[in-house]
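As given in TrEMBL:
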- 23-32: compositional bias 'Polar residues' (COMPBIAS)
- 23-46: region 'Disordered' (REGION)
- 51-111: region 'Leucine repeat I (LRI)' (REGION)
- 130-195: region 'VHIID' (REGION)
- 211-243: region 'Leucine repeat II (LRII)' (REGION)
- 349-424: region 'SAW' (REGION)
- 161-165: motif 'VHIID' (MOTIF)
- 260-264: motif 'LXXLL motif' (MOTIF)
Amino acid sequence: MFDTVLLNCESITTLQKSLQNETNKNLQQNGQSKGSTGGKARGKKGKRNVVDLRTLLTLCAQAVATDDRRSANELMKQIRQHSDPTGDGMQRLAHYFVDGLEARLAGSGNQSYNPVVTRPTSAANFLKAYHLFLAACPFKKLADFFSNRTIMNLAENAARLHIIDFGVLYGFQWPSLIQRLSSRTGGPPKLKITGIDLPQPGFRPAERVEETGRRLANYAKTFKVPFEFHSIAQKWDTISIEDLKIESGELLVVNCNFRLRNLLDETVVVDSPRNKVLNLVRKLYPDVFILGIVNGGYSAPFFITRFREALFHYSTLFDMLETNVPREIPERRLIESEIFGWEAMNVIACEGAERIERPETYKQWQVRTTRAGFRQLPLDKAIMKTAKERVKTCYHKDFVIDEDNGWLLQGWKGRIIYAHSSWVPAS
């Protein structure tokens, strides 16, 4: 299953075609776009009235913010009547958002939320959802392409390559790079990956990172790439340079895709873990620091501002799935509940150190990374060209691919969701 998803592009293309056929069929049957209804939903019980879920959710959030329990409960009841985890995009989003509002009102946000990085979601389930995500949208595929192509360009003549991956999770990104390195002119380099993630709860905090290492070692063996894996499962701001076992003569790459948003910022801790990790990376003097971010403005300390921004952001994601994936596919529910639903729960229901979904916009990251002592590298024109071609030929016309200030931007219907850049220490 891993091989099919991570190495076989045809399996993704096949799934893509079947998704497109299904959504086109549904389009014809409905005689209208299957895109989300913009927040309008019909009642489940065959009522003819149309409600505006977006407005109801915003009103409910205002009631929760002022602790007006009577209004909040009344509005929640209305939202629950019209939301549905198997309905259209907006009905599904409302289902998860109202759970978050209920948890916030009850003061149980912290118990309701367990981030995806510490939950024991099986690798197989995660892989199924990942496969669907690769076929439905270009976001993850282009993120990996951006990182892997940047590394391949740099490691053309390297004898030893050391990749430090902050947020390795299941290591899905690396089998295709190992495969590419194996066919490098002059043979593959000696590859070392240091996989870093948060500790799992329980007696074996490093179990998942170690399992990822074993899996990657098997791929390296298959492709005859000399390989070493080093696992670290601890809070990232407590990691020291010594822990990373850097050796002279290595080409050093630091990679972090989408996970720096989970580190606390200055609104919680003055000496923030976010800056500590950036400072650590700078002190390593990597040959390149590859940064992928979730472009979001829903980190505000003020609840209503944050709620509105989260509503915009997740509406875009749920609408993207609604347009590209048939409703009855179980893996779609998995993505919506296990990933987007859980994130939304954290944004809405949690506060302080418990709120770990704290994205910033790419412009904010540009300022933060520059202040930490990095210089941004120009965007590789060949990478940009290939990315644009892939999106145009393989994906829905509403996907956005653009560039701004050295960042490669990805989005849906004009809203930028992800951004990618590469950096080197300034001096």
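Even glycines carry a Cβ here, placed using N, Cα and C.
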With a Cβ cut-off under 8 Å, give me the same-chain residues at least six positions beyond the ends of the motif 'VHIID' (161-165) that come close to it.
151, 155, 171, 173-174, 181, 189-196, 244, 246-247, 250-256, 284, 286
Ranked first among 51-111, 130-195, 211-243 for CB pairs under 8 angstroms with the region 'SAW' (349-424):
130-195
Give me the mean pLDDT over the region 'Leucine repeat I (LRI)' (51-111), rounded to a whole number.
94
